[in-house]
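These notes concern the structure reproduced below.
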């Protein structure tokens, strides 16, 4: 029984973000569709070849996406919302972009589809929309075309397809309500057709992703798997693929399915591989997800070998990444600024492929000598002074309940804040960032490269902050921001100023569409050597009589949007960050900043996938936020911002944050998120986002007024704020000015009654 290896997917964007650049050039009208498609072909060919050269046996095909793989699946099935359809009923790449962005080089603009987090990762998918009586047919043949490409290049191909039950689970019903699971029988013929086409091409194995099987699904959804897979059996071998958690709780459902193999995540799941081996049908292949696809740490291959060796030779076995390598940067070898010690601790996507090749070879040969050599840096790291800071550990151990309590309750604080700020009804503000123009990016890049000295850099940043204040005063906003010209990324910026983090040059991962992020890496205990945001906040406040918000990224979000350590708990990391940022709140307050926003957009996404594990996470997540904020005085107003969230199942925890004002993303969901706050009788102030910043479309005054009136039916008007959904970093100034002018006008109209 020869053991093979494979990956579940590979990063799409390219080492230098070639896909992002090609997408944005096409959207701006600076390149043709043919040029965009050519970049995709080139990236796919390069990535297949890189994996093959690194020693991967079975190459994933179908993991590439022009915007998002869930959206690709929606198009495959002919699931195109009416507002995004071409007049002739055809589907093309611009259809896909209209669903994702609200507009494309061709076709009429329309509201983009809702976007939300992919399970508990920092990747986003476009939510499929379902309407009653919907029809499905094979419409978008990207998967088949890419399989043909890979076969023509001589590769050993394993197509990747998002499974039918998970795809339905990820979607939402629009309009008249019905059970979306009732659509399952309508989409299965399309899946049958796709599998038949793959069989015609000589494909042996298809990776069919059903990550919903790691969730605590309702029984009706679990029951749907058997008839669905009965309908799909027989044409090719199916590798039922799960990730992000273990499968043991749903194993009875899984083992009843007519598939030929199962992939399990042995990094994030608690499954015992020997127990799995005993319970799986003896003729099934087991794909062991041993290499973490979601982090950057070198694997302890000695430990991985020990985890799997007892079933070697007892069943067909593949070794694999735990999940798609989409969530990992591409190549560590191009990182020239990391020192040798730290660099030796990491493995990016290509290095993970090498790990899989090494593990496969050792499992096949039985010669384990190479494993100890590979794992040696991991042993050295355990004793490194770069990792452990006794002062941080001592401060963390000394935290008391009092450290997470504001001095007084919200009602007392609100009175003090009203007296201090004297804001009008329907106060207007933005979420923090303003457009990151070419001039701003060039300024930062020149400074980073040493082409600009510190004085000239600071003069340039100060001028952009001044312009942001002028723009906001001209627009008539009530609470201002400094615009964050000095910040490349809301997490990276803080990580750069905190001890315990390191950074990469090219460690890009896709967040959504063309948006890429370069997460910091937490390598050790976290502390704040000096104030981070105080100087620029103080300068911005000196330019205006209106309040300017201090802007911090919260501890849970910094944790969730970084690559965390694996040698301590996430709770420990979050509380270390909270203590560092607590000092920042105190310093902002001392500098005269009266409104401080602590963004926690990632609070919900950090939830464990199983509800039974939620309480413990929410307890320490809320405590971390409160440790961060509780140092503030009564008349200092603490804001928090959350996006892409569904709140109704965590409202107790949202209220427990005890922020004075919460701003949330609601425009894409047509204010439906406010139902949670209404039903809970949320006591503090709320700013429901009134327009979608992910789309370049400018909302009308009437549209914004209508949303605010809808909000006021759920939340008392005296507790409502008026703001966009999210930061404006990715937008241009023309649409930003137009949208904010309409937003301010809508608020003024409502004040007049």
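Each residue, glycine too, has its Cβ placed from N, Cα and C.
Record check: Swiss-Prot places 431, 432, 433, 484 at the L-homocysteine site, and the matching candidate among 310, 599, 613 is 599. The 5-methyltetrahydropteroyltri-L-glutamate site recorded in Swiss-Prot comprises 17, 18, 19, 20, 515, 516, 561, 605 together with one of 117, 422, 709, namely 117. Among 623, 665, 702, 705, the residue that Swiss-Prot places alongside 641, 643, 726 at the Zn(2+) binding site is 665. Reported as a whole number, the C-alpha separation between residue 433 (L-methionine binding site) and residue 694 (active site, proton donor) equals 13 Å. Here the C-alpha separation of residue 726 (Zn(2+) binding site) and residue 17 (5-methyltetrahydropteroyltri-L-glutamate binding site) works out to 24 Å. Listed binding-site residues: 19, 431, 516, 726. The one with the lowest count of other Cβ atoms within 10 Å of its Cβ is 516. Neighbour counts were taken at the CB atom with a 10 A radius for the recorded positions 17, 641, 694; the maximum falls on 641. Residue 665 (Zn(2+) binding site) and residue 431 (L-methionine binding site) have their C-alpha atoms 10 Å apart, to the nearest angstrom. Spacing of residue 117 (5-methyltetrahydropteroyltri-L-glutamate binding site) relative to residue 643 (Zn(2+) binding site) is 10 Å (Cα to Cα, whole number). Distance between Cα atoms for residue 516 (5-methyltetrahydropteroyltri-L-glutamate binding site) and residue 641 (Zn(2+) binding site): 21 Å, as a whole number.
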